[in-house]
Every structure is written in C-alpha cells, then in structure tokens.
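J.: OK, TrEMBL features for this one:
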DOMAIN    32-174  domain 'Lactate/malate dehydrogenase N-terminal'
BINDING   Gly37, Ala38, Ala39, Gly40, Gly41, Ile42, Gly43, Asp63, Asn123, Ile146, Ser147, Asn148, Met257  NAD(+) binding site
BINDING   Arg110, Arg116, Asn148, Arg182  substrate binding site
DOMAIN    176-339  domain 'Lactate/malate dehydrogenase C-terminal'
ACT_SITE  His206  active site, proton acceptor
Amino acid sequence: MRTSMLKSIIRRTSISGTSRRRFTSGSAPERKVAVLGAAGGIGQPLSLLMKLNPLVSRLALYDIAGTPGVAADVSHINTRSEVAGFAGEEQLGQALEGADIVIIPAGVPRKPGMTRDDLFNINAGIVKSLCTAIAKYCPRALVNMISNPVNSTVPIAAEVFKKAGTYDEKRLFGVTTLDVVRAKTFYAGKARVNVAEVNVPVVGGHAGITILPLFSQATPTANLSDEEIEALTKRTQDGGTEVVEAKAGKGSATLSMAYAGAIFADACLKGLNGVPDVVECSFVQSNVTELPFFASKVRLGENGVEEVLGLGQLTDYEKKGLEALKPELLSSIEKGIKFANAN
C-alpha cells in the first residue's frame, strides 16, 4: 500500500457531523499525542494510525516494556510527527510532559468467557496509576479512555483527577467510537447503502445492553422492520464478544478498536485546532439523563467538550432500551467511583 494511501486513511474519514475541512502539516499547530499502552494489541496499530495523522507533530509511545522497538519501527514512517518511546514507570513522566491528548489503551484484553466486569480489578488499578501521573505531568491534556470497562474506568479517572485538584469534565472522554463504527457497518450492510455515507448515533455506555444504537436516527434512512432493528441492536451490543469468539481465545477487538481510537483522537485534534462542527459520540460527564456519566453526541472544540447534545426523538423500542440500560450503567459507574475512593 502506498504511503499516500495510508495517509489518506484518517484524512478521508468523517464521523457524524465532523467538518470535512482538513489541515495540512504546514498549517496545523504543534500537537503532542501520548499513547499509554503502546506496545499492546490495541496500542501498536493505534500508534501506527496516529503516526499517519498529519495533525500530530510529536508522538510519545509508553508501555511497561517493548516500547523502544515499537517507537523505532513507527518512527521510520515518512510522516510529520517525531516519535519517542518510553518504557517503565520511571519514564512515564517524560512521555506525558507537554501532551495535548493522552490516549489510554493500556490493560489486559478480554478473553473467551470474560465479561468487561472480569477485567475490572486488573485494569482499574492500571488506569488509576496512569491517571495519577497525568494529573501531575499534563493536567490540561484531553484524556481519551479506551481501557475497559470504560463504564467504570472513566469514573475512576474523574475521581483521581478530583483528588489531585485537576478535574475538568470537558477534558475526559470514554472512547465509545467502536460502537458507532460497528453500528454504521452493520446498518449499511442491512440497508444496502454506502457505509461511507452512514451516520448512526450510539448512546448509553460501552458494554452489553448499555450500548444503545439509535437506528431510528440513522442516515440515510432505510425502511427496516422492527425485527431487523432489534437484530442490528443486538449485534452492535455483542460486537466485542463476536470478535473474541472468532479469535478463539487468541485476542479481542484490537484492530477495529485501534481504528476507532484513532478516529476519535483525530476529532479531538480538529476540535483543539478550531475546526467547527466536530461532533462525535463519547462517554462523558453528562446531564442528558439522571446518570452522572453517559454517552451521547458531543460537540468538540478548543477546550474539549463544547456541548453535550441531547438524545433527540426516540422510538418506543429505544425508550425501553434506555430505561433497561440505566441500572447496569449506574452500577458500573458506582463501582468505579467506589474503587477510586477505597484504594
């Protein structure tokens, strides 16, 4: 694949509401992006995709081990950003200093039979440690949380930042973009429309029934039956499990998650750079429902979240799904808060 084709992967991609205006490397501001967990299954392809993004001028890759090799490999790609690798806790501060965006895919992956809750005890501790360092070394950075379970790790991060006195709800995001990517792909296949033209908002959370795609608001519109909508909803909710089972115990959704993470980071960069009308779905502090955190469409800007958008008109099926997800999502949020405050 030619370099020009690789560069176009991100530049040609547009998620719901994102402006099609593009920056060239000559006009874009200096932006440092740090990837924490860069040597892992998500981190490596994510690092590659961020190296292809012309809006990134410095790319810091951090993990507990293996990062110098990943950084050396990625650094040979002839794109704008300068790459540096950092390994071990003693180098975490260097990786974070001056970062505009911190992306966190660190943690253990899902395995067959493992729920996102099963991941909690391991990944919660990792997230807490990394966020403590973020609060110290780059408290103004936009934090893109990929580490699962996102429904709990985002509240953990918020509590860590509150204790450090650095919390800004506009700068903390749970990356739910993979749910949008899946919903768009599945909808396009069923509706027989061009997937590049599809938009589907996905709200709620980022696990199982807390994932609520709003297919009634999908564009282009399609005359799908109630049964088809229900099947699409179920498949979107179970997308992660579908990949875990297909890989037969040898991995989880790493490549598609890296793609989704790169798309969301690109939107954040555009927002920071003043591109208008950048809208993505994300799990953020919210007043859209009675829950303290909730995923919905968010307008991004120079300060992170510029506006948390409402849910719009829902069908009866979607209203039922919304009420069904609330207890589970609240439980996951409270679990994260409790962990952060108890440890």
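Glycine too: its Cβ is placed from the backbone N, Cα and C atoms.
Predicted automatically and left uncurated, TrEMBL annotations should be read as such.
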J.: Of Gly37, Gly41, Gly43, His206, which is closest to Asn148 (substrate binding site) if I measure between C-alpha atoms? They're all recorded positions.
T.: His206
J.: For Gly43 (NAD(+) binding site), list the number of other Cβ atoms lying within 10 Å of its Cβ atom.
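T.: Cβ-Cβ neighbours of Gly43 (NAD(+) binding site) within 10 Å number 27.
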J.: Counting Cβ neighbours within 10 Å across all chains shown, tell me which of the recorded positions Arg182, His206 comes out on top.
T.: His206
J.: Which entry in the list of binding-site residues, Gly37, Gly41, has its Cβ near the fewest other Cβ atoms, using 10 Å as the limit?
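T.: Ranked by other Cβ atoms within 10 Å, the binding-site residues Gly37, Gly41 bottom out at Gly41.
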J.: How many of the residues that make up the domain 'Lactate/malate dehydrogenase N-terminal' (32-174) does DSSP mark as helix, as strand and as coil?
T.: 62 helix, 28 strand, 53 coil
J.: Restricting to the domain 'Lactate/malate dehydrogenase N-terminal' (32-174), report the mean pLDDT as a whole number.
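T.: Across the residues of the domain 'Lactate/malate dehydrogenase N-terminal' (32-174) the model's pLDDT averages 95 on the 0 to 100 scale.
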J.: Measuring Cα to Cα, how far is Gly37 (NAD(+) binding site) from the residue listed as 'active site, proton acceptor' in Å?
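T.: Each residue's Cα considered, Gly37 (NAD(+) binding site) and the residue listed as 'active site, proton acceptor' end up 20 Å apart.
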J.: Which residues, sitting 6 or more apart from Ala39 (NAD(+) binding site) on the same chain, put a CB under 8 Å from its CB?
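T.: The answer is Leu61, Asp63, Ile64, Ala65, Gly66, Thr67, Gly69, Val70.
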J.: Restricting to the same chain and to sequence separations of six or more, state which residues have a Cβ under 8 Å from that of Met257 (NAD(+) binding site).
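T.: Looking at Cβ-Cβ distances below 8 Å from Met257 (NAD(+) binding site), excluding near sequence neighbours, one finds Ile42, Leu46, Pro105, Ile146, Leu178.
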J.: Least buried of the binding-site residues Asn123, Ser147, Asn148, going by other Cβ atoms within 10 Å?
T.: Asn123
